[in-house]
Amino acid sequence: MKKRLVILLLSLSSCAWAADIKISVDREDGIYSLGEDAVWQIETVHLDEGDQAPQSAKYQLLSNGLQKLDEGTLEFSGGHASYSATRDDPGTLLLVVEAAGVEKAYGGAAFDPSELSPAIPRPEDFEQFWAKKRALADTIPLNPVLTEEASPVQGVQLWQLTVDNINESHVRGQLARPDSTEKKLPALLIVQWAGVYPLKKSWSTNAAEDGWLVLNIQAHDIPLYESQTFYDELKSGPLNRYNAIGNDDRETSYFLRMYLGCYQAVRYLTSRPDWDGKTLVVRGSSQGGMQALVTAALCNEVVTAAIAKVPAGSDQSGPLVGRKPSWPGSFYKTTGKDEEKVHKTSAYFDVINFCPDILCPTLIGMGLADTTCPAPGIFIAANEMPGPVELITMPSAGHKSTRLNPHAWFSREERVWLEKLGNGEVPLADIDE
């Protein structure tokens with residue numbers, strides 16, 4: 001790949017742990033045409049009085065989050081520096097800057113990302129496999145069990161819910177809705193990010209207060225409200241590295257139960273007499289974003305919108321073409337297993353391969369500096385969707401929202417979408433498909 005690098009010694013300063021390095025690129029969305037320069041401005045912020053900034057910092061430039069293109073040392077004066085680079089093929093660049101006593105800082109840029117494509121074709125029997133799994137799930141009676149409990153929000157009812165899933169497992173979650181209303185309601189399915197943890201009641205009741213019929217489900221078949229010790233023991237025990245459990249066979253992959261759990265949750269919501277029969281939104285972040293997109297594909301006849309922030313699960317075969325895969329990184333989860341089987345299995349759970357079946361309007365937020373769910377895979381997922389997509393790109397944002405690089409841009413747009421959807425409006429309805 002042709003690359004052009006320019007380093008201006010304007011000064012990057014860094015200091016004690018109280019300070020931060022902030023990297024900003026010269027385009028709000030961080031997206032460029034091939035051959036255009038992306039110019040990063042680098043500065044030290046939150047420097048306390050008396051703190052001494054270092055005179056230098058190390059930097060690396062990565063292609064698609066994986067391959068090192070350049071590295072070196074920047075000499076600083078005055079607290080600022082500038083660095084520029086370009087590329088002549090579709091993909092991303094990630095600038096990584098590290099100085100003594102300060103956390104690494106990241107800044108990203110994307111070049112013609114609409115031209116990025118999957119590393120390998122979708123398995124020929126992908127649709128057939130998932131059609132059979134949906135048919136299997138349809139044969140399982142939901143057997144819902146609702147247990148009402150105290151709600152932290154006045155005017156909102158809250159229940160614990162359990163429904164049946166494949167292999168004698170269960171989907172467990174919170175059901176919340178406005179109290180004492182005869183009105184039929186739009187439905188919101190909330191799906192959870194990675195980890196093993198309890199749910200908070202407010203995660204469902206706050207949305208219900210806004211007029212939604214809300215179902216917030218655990219990603220695992222585990223209780224909702226146990227002690228932290230309980231979840232820690234699961235995390236270090238049977239759910240340790242759950243993202244690699246059974247990953248060498250599509251019939252045993254941990255994500256089979258998780259994905260079909262989302263399917264069962266949608267079955268339950270659409271069976272309720274208080275659903276309005278029109279609006280069903282699925283929403284999640286990270287692993288939850290992965291589940292949201294998969295649900296929009298598996299349930300494309302009823303899901304009317306999907307909202308996914310920093311969605312995981314894409315580009316599991318990315319290393320074959322020099323791209324870092326998103327979490328769970330199945331390409332590398334091969335210890336003690338047949339590598340070829342792991343790679344083959346991952347294709348049946350790769351979000352990219354579900355995206356051609358997503359027909360509804362979709363809102364996606366992504367950080368171009370995200371090293372957990374790198375940008376290339378998310379761009380490819382969006383490219384594969386036939387339905388309308390609004391893509392919020394945050395050039396300096398990582399996987400988590402921070403005081404320095406918050407996900408505020410996405411959060412504002414998410415609120416706009418939810419307000420429209422709750423009122424029966426269709427986001428992106430004016431976009432020609």
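Including glycine, each Cβ sits where the backbone N, Cα and C put it.
As recorded in TrEMBL, the features of this protein are as follows:
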type	residues	note
ACT_SITE	S286	active site, nucleophile
ACT_SITE	D370	active site, charge relay system
ACT_SITE	H399	active site, charge relay system
DOMAIN	118-401	domain 'Acetyl xylan esterase'
SIGNAL	1-18	signal peptide
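Distance between Cα atoms for S286 (active site, nucleophile) and H399 (active site, charge relay system): 8 Å, as a whole number. You'll find the Cα of D370 (active site, charge relay system) roughly 5 Å from the Cα of H399 (active site, charge relay system). All protein chains considered, the CB of D370 (active site, charge relay system) has 24 other CB atoms within 10 Å.
Cβ neighbours of H399 (active site, charge relay system) (same chain, under 8 Å, six or more residues apart in sequence): S286, V310, G367, D370, T371, T372, C373. Within the model, the domain 'Acetyl xylan esterase' (118-401) carries an average pLDDT of 97.
The number of other CB atoms found within 10 A of the CB of S286 (active site, nucleophile), across every protein chain shown, is 24. In the three-state DSSP reading, the residue listed as 'active site, nucleophile' counts as coil.
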